[in-house]
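Marked as signal peptide by TrEMBL: 1-29. Residues or ranges marked as site 'Transition state stabilizer' in TrEMBL: ARG107. What TrEMBL lists as Zn(2+) binding site is HIS152, ASP159, HIS242. Here TrEMBL flags GLU239 as active site, proton donor/acceptor.
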Amino acid sequence: MTRSSSTAGACLAAAALLTSVAAITPVQAQPGPDLSIPAGFVHLTDIAQTIPLDVRYHGSNNFLGRPVRGYHAPTCILTLPAAQRLRDIQRELRPSGLSLKVFDCYRPQQAVDDFIAWAKDASDQKAKAAYYPNVPKDQLFERGFIAERSGHSRGSTVDLTLTALPPVSLPEAVGTAPGARPTRGVLLPNGEVDMGTPFDLFDVQSHTDNPDLPEEVRHNRKFLETLMLKHGFTGVQEEWWHFTLLDEPYPDTYFNFPVR
């Protein structure tokens, strides 16, 4: 065999080896669906990455004073249409120096059951001063603050507020129409727009249309309510922070998969 034919043979052998290796090299798999949540649900951070989360029920900063059953991660899960509407709201807010801030989204039935057990335990009054100073604990059911079922378990209800983007100040108002935007300068130390009460205060002060609140607080609540309604969410009288998608995809289904 000549040197040239030997070289050619070696090249052919190398090419054959490369071809065989390529044939058995696996194609990189594409990310599949998130099997931890049912079809039709998404993590909000996958749809609207700029919305900050403060998932109170995953930690101890809530009226139970401990993590709530079923919350295994500080994440927000919603139905896809609900998440998409929040993304649209966020896009509308950000040019004005504002952002949504989310406290709770989908809530499993096991968490609701945890709330019920807590509400029925008259001996546990540790959270009274901070969360229900003016309401007897045994009246939380009849006053609508605790219920055996929650719209959150249907996946299209969200608890939220408004917060200012850095720097922590609101832009000058545009126009003078009532509810056109939050009152300039009315911010809490953490940058949130002042809504008159903290999240989850079980009190008449948390009622959305409470007429006894300062004018600037009522203005801020009306701004939030109007904005949410514009994008298809309706609120409730008892809690200024609570909104449900009007055309929610699962109006009669209460889910119980964990938040993770």
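Just so it is clear, glycine is given a Cβ too, placed from its N, Cα and C backbone atoms.
Please treat TrEMBL annotations as automatic predictions, because they have not gone through curation.
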Counting only residues 6+ apart in the same chain, whose Cβ is under 8 Å from the Cβ of HIS242 (Zn(2+) binding site)?
THR157, VAL158, ASP159, GLY235, VAL236
Just jot down the residues in the same chain as GLU239 (active site, proton donor/acceptor), at least 6 apart in sequence, with C-beta under 8 A of its C-beta; none if empty.
PHE145, ASP159, SER206, HIS207, THR208
Those recorded positions listed as ARG107, HIS152, ASP159, and which of them has the most Cβ atoms within 10 Å of its own Cβ:
ARG107
Zn(2+) site shell beyond HIS152, ASP159, HIS242, criterion: Cβ within 8 Å of Cβ centroid
PHE103, ASP104, CYS105, ARG107, SER150, GLY151, THR157, VAL158, GLU239, TRP241, PHE243, THR244
Please report the distance from the Cα of ARG107 (site 'Transition state stabilizer') to the Cα of HIS152 (Zn(2+) binding site), rounded to the nearest angstrom.
5
